[in-house]
Amino acid sequence: MIRELEYYGSHILRRKADIIPEITDATRQLVQDMYETMVAHKGVGLAAPQVGESLSLFVMCVEGETEEGDLIFCDFPKVYINPVLSNPSEDLVIGREGCLSIPGLRADVYRPQSITVTAVNLDGQEFTEHLEGFPARIIMHENDHLHGVLYIDKMEEPKDIKKFKASLEKIRRRYHAHVKPEDRAS
């Protein structure tokens, strides 16, 4: 089922997500729904808070990059439950980021070139993988959602931040009707 997205202005996007104590049928259904929602909105990753669930879970549908820099997409998303990031590379690279919860806007963000993630999959098995380039950027972006952080919080250019203020307010107003009453920004 395609779920309704949470947009800038929703408090759930600013909360620390809850750890998932066990994988249930509801968890599996949430992953399926997140995958369908991500595909419907042409995303490459999606975190549970973006579909209104304050749970430590995200999905990603990029396996890697070719030597030419083209993305290699997967048939079903990789699932990261209760992820923990470690070993960020010291070298930072700038990359353009967008977010399904902040439609129509993109900005340059500095992030480590590589990262290690340890998480649990849908079978309850812990795994660790090391990612580089764009897949690493997706992991860091989605993991930020689990800590109430949006990519706009990482923007460094004052001119970009100033430029975004009016656009963010328009997004907040436009999608405010979709925000649950308890999650309305003041």
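Keep in mind that glycine also has a Cβ here, set from the backbone N, Cα and C atoms.
Here is what Swiss-Prot records for this protein:
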| type | residues | note |
| --- | --- | --- |
| BINDING | CYS99, HIS141, HIS145 | Fe cation binding site |
| ACT_SITE | GLU142 | active site |
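Take the binding-site residues HIS141, HIS145: by the count of other Cβ atoms within 10 Å of each Cβ, the lowest one is HIS141.
Residues GLY45, ALA47, GLN50, GLU97, LEU100, SER101, GLU142, ASP144, LEU150, TYR151 surround the recorded Fe cation site, their Cβ atoms falling within 8 Å of the Cβ centroid of CYS99, HIS141, HIS145, which are themselves excluded. Within its own chain, CYS99 (Fe cation binding site) has LEU105, HIS141, LEU150, TYR151 as residues 6 or more apart in sequence whose C-beta sits under 8 angstroms from its own.
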